[in-house]
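What Swiss-Prot records for this protein is below:
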- Asp23, Phe24, Asn25, Arg38, His61, Met62, Gly63, Lys64, Arg122, Arg155: substrate binding site (BINDING)
- Lys206, Gly296, Glu327, Gly353, Gly354, Asp355, Ser356: ATP binding site (BINDING)
Amino acid sequence: MNFNKKTIEDIQVKGKKVLVRCDFNVPLKDGVITDENRLNGALPTIKYLVENGAKVILCSHMGKPKGEPKPELSLAPVAKRLSELLGKEIKFAPDNTVVGENAKAAVAEMKDGDVVLLENTRYRKEETKNGEEFSKELASLAEIFVNDAFGTAHRAHCSTVGVTDYIDTAVCGYLIQKELKFLGNAVETPEKPFVAILGGAKVSDKIAVINNLLDKVDTIIIGGGMAYTFLKAQGYEIGTSLVEEDRLDYAKEMIAKAEEKSVKFLLPVDHRVAAEFKDVEATVTNDQNIPTGNMGLDIGPKTETVYANAIKDAKTVIWNGPMGVFEFENFNKGTIAVAKAMADSNATTIIGGGDSAAAVNILGFGDKMTHISTGGGASLEFLEGKVLPGISALND
């Protein structure tokens, strides 16, 4: 995939109508936005366009309204809060058809530097099917398309891909530019030693990532529920821990492949365990084996040291997926240890979105990381080496 895409700075935007696909899929509680990270992430691109005299038309999805208007998933609260953050009025066009009379009238009245926000693009059934009609309607509003929603870049929808069939100038905003710079460089030209840390519950979710990264990394660190499938494949006792029986052969194969490529494949050497899936006091095992009747819920203290040392020696580190059941206070120690080791390191540190991003932010290490990806599924597909339709649709 080509990572050198044209950006907003490569084109003339003054006086032009610019449709910007943002990611405003934010959590709401009683109409109030509870996490503003994505709004703040969109500001640099919006500010640049406003300051350079563009007529800025913003669009985004929120939640899964399943192709029909749901008042609780309206973007009205986003328009209100974004206006405050931007320090400038954003006109909201409340059309259930997204591109309706309100939107057309609002866009027709725009002056240079004005901002309009359209309604939730997923109010339209065709959005997720990349339907031609809705793509044309969105495109009819603008002369330039800017994609700045990395979180949906792996989806071929009307507002991410379809519009580019009808608008010739399609470029990326600052957010996608940053994702391409850090994730793209890490995957294609990382500074070595390159360490990938993979956690989370299932091996099956990370198969393609491990496959792709084995050709690029020096060390792979495995934690979370997926570690027990690898340990069982090597003959260790795992008690009642999570295991994917149908992936044991694959796990053996991966370990052999890593050895063949001289990639260090680090698995836990001890665990924090409990008799049931509850936030109870942890018992620490002596070694890789987990006693009968117990389940592994986090990596142990010896493992933390081994993993921290591997991170300390790295020049590039990518992390995707927690080391244990992070929601339980007794079993979040491994995740904290990895986050701390990354925060203390001099390497380029990249958090691959999703749970790891949430963990790092909750722990207060967010500002110590080089880059925290804004895409969960998109980051994973990127690390799998897949072409992301929302990126490939933009001008080279």
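Placed from the backbone N, Cα and C atoms, the Cβ positions cover glycine too.
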C-alpha of Gly353 (ATP binding site) to C-alpha of Arg122 (substrate binding site): distance in Å?
23
Within 10 Å of the Cβ of His61 (substrate binding site), how many other Cβ atoms are there?
27
Out of Lys206, Glu327, Gly354, which of these binding-site residues is nearest His61 (substrate binding site) by C-alpha distance?
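Checked the binding-site residues Lys206, Glu327, Gly354; minimum Cα distance to His61 (substrate binding site) goes to Gly354.
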List, in sequence order, the same-chain residues at least six positions removed whose CB sits under 8 Å from that of Gly354 (ATP binding site)?
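Expected: Asn320, Gly321, Gly376, Gly377, Ser379, Leu380.
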Validating a neighbour-count step here. Other CB atoms within 10 A of the CB of Gly296 (ATP binding site): how many?
29
Quick one: among the binding-site residues Asp23, Glu327, Asp355, which has the most Cβ atoms sitting within 10 Å of its own Cβ?
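Per the Cβ count, the most surrounded site is Asp23.
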Round to a whole number and give the Cα-to-Cα distance in Å for the pair Asp355 (ATP binding site) and Arg122 (substrate binding site).
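That comes out at 24 Å between the alpha carbons.
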Counting across all protein chains shown, how many other Cβ atoms sit within 10 Å of the Cβ of Gly63 (substrate binding site)?
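By my count, 14.
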Report, in whole Å, the straight Cα-to-Cα distance of Glu327 (ATP binding site) from Gly63 (substrate binding site).
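That separation, Cα to Cα, works out to 23 Å.
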Rounded to a whole number, what is the top Cα to Cα distance in Å among the residues the record ties to substrate, namely Asp23, Phe24, Asn25, Arg38, His61, Met62, Gly63, Lys64, Arg122, Arg155?
18
Cα-Cα, whole number of Å: Glu327 (ATP binding site) versus Arg122 (substrate binding site)?
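Here the two Cα atoms lie 31 Å apart.
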Between Gly296 (ATP binding site) and Arg122 (substrate binding site), how far is it from one CA atom to the other, in Å?
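The separation of the Cα atoms works out to 40 Å.
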Taking the Cβ of each of the binding-site residues and counting other Cβ atoms inside 10 Å, which one has the highest number: Asn25, Ser356?
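Selected residue: Ser356.
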Going along the chain, which residues six or more apart from Arg122 (substrate binding site) have their CB under 8 A from its CB?
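Expected: His61, Met62, Gly63, Lys64, Pro65, Lys66, Gly67, Leu73, Thr128.
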So, in DSSP terms, is Arg122 (substrate binding site) helix, strand, or coil?
helix
